[in-house]
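Chemist: Below is one structure. I have some questions about it.
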Amino acid sequence: MTDNSQIKVIVGMSGGVDSSVSAYLLQQQGYQVEGLFMKNWEEDDTDEYCSAAQDLADAKAVCDKLGMKLHTINFAAEYWDNVFEHFLEEYKAGRTPNPDILCNKEIKFKAFLEFAAEELGATYIATGHYVRRDDSTGRPRLLRGLDTNKDQSYFLYTLSEAQVGQSLFPVGDLEKPEVRRIAEQLDLITAKKKDSTGICFIGERKFKDFLAKFLPAQPGPIETVDGKVIGEHQGLMYHTLGQRKGLGIGGRKDATEEAWYVVDKEVERNTLVVAQGEHPRLYSDGLIASQLHWVDRTPIRAPRRCTVKTRYRQEDIPCLIQPIDDETIRVIFDEKQAAVTPGQSAVFYDGEVCLGGGIIEQRFSHPV
């Protein structure tokens, strides 16, 4: 067995079950393990949903139980400047961003990693993400988590080989029920704590109410694909492609009983376009992506077949990548796909290996 006793690992302790069990597993592997709790959002006293205090208390209870030191750090300024302002700008532009991906890029695997290495003397950081690291080729590769239902590689595609090489993912080889079973055996306070959802670090708020605090309402028309105005929306930012609930346009006498879907957002006209049923306008043959991040940091310069996900927990889509330049690619799907959404990430795979990804700039219904 490898002697890890001189290797210091700082675990990002979120107050959840995955990071709790990650810390324990690293202890079992003989590492010097300490925890770090990151506060990345300043909650005011009037906030109905205050999660950070409870999460910190849970993280501290786990560290006490495991005999670990817990450090705390406030990255709220970095989060606001590097994640949240971008998030708001994207919504203003009528796009649908994924803050979790940017949060991993700017906070967990940049600010946290640098702080752990430079200030705490860590060789590695560790997180409770459901991904795996593979060093068998001599270069660190990012693999999907063993639990296909929980795999989080989609959110970590911006990582470089160097960042993967400085990170450990102890629960990546386990399935979620096994992680909970370990936590229950250890009698950890987080054993039955439900998984966090909602915006990274901000928590489970009513999204529309939360967004309204920062972005003013921008009402505009709801139009059918034929150009008929049938309602009003309060802001394109509140709607996503493929959405069918909360449109407020049901029960029309001049329509069939089929559900209405959002099929487009025309930002220039501030218009939400809807159609009934599985309308062709919802489907795309491919996409253009930019702001590319390849894990090995080598641009793709020749056509390449692989698979892609255009949203989390989606089935892999066989596709062909055609490079336009080092910063932009065209992706052609083998079969048409619904609700490909600008602002979201397209993440590429070769089997178990996460190759990297980029931001969806546009979708197309014929090769462009």
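Every residue, even glycine, has its Cβ placed from backbone N, Cα and C.
Here the structure is a predicted model, which means the values were calculated and not measured.
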Chemist: Hey, Swiss-Prot has ATP bound by Gly12, Met13, Ser14, Gly15, Gly16, Val17, Asp18, Ser19, Met38. Any idea which of Gly128, Gly138, Gly145 it lists too?
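Modeler: Looking at Gly128, Gly138, Gly145, the one Swiss-Prot places in the ATP site next to Gly12, Met13, Ser14, Gly15, Gly16, Val17, Asp18, Ser19, Met38 is Gly128.
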Chemist: Using only the residues recorded as binding ATP (Gly12, Met13, Ser14, Gly15, Gly16, Val17, Asp18, Ser19, Met38, Gly128), report the maximum Cα-Cα distance in Å, whole number please.
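Modeler: Looking at Gly12, Met13, Ser14, Gly15, Gly16, Val17, Asp18, Ser19, Met38, Gly128 as a set, their Cα atoms extend up to 16 Å apart.
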Chemist: Taking the Cα of Gly16 (ATP binding site) as the centre, which of the recorded positions listed as Cys103, His129, Gln344 lie within 10 Å of it?
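Modeler: Checking Cα-Cα distances against Gly16 (ATP binding site), none of the recorded positions falls within 10 Å.
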Chemist: Between Gly12 (ATP binding site) and Cys103 (active site, nucleophile), how many Å separate their Cα atoms?
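Modeler: Pair distance, Cα basis, whole Å: 13 Å.
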Chemist: Under DSSP, is Ser14 (ATP binding site) helix, strand or coil?
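Modeler: The three-state answer is coil.
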Chemist: Under a three-state reduction of DSSP output, how is Gln344 (site 'Interaction with tRNA') classified: helix, strand, or coil?
Modeler: coil
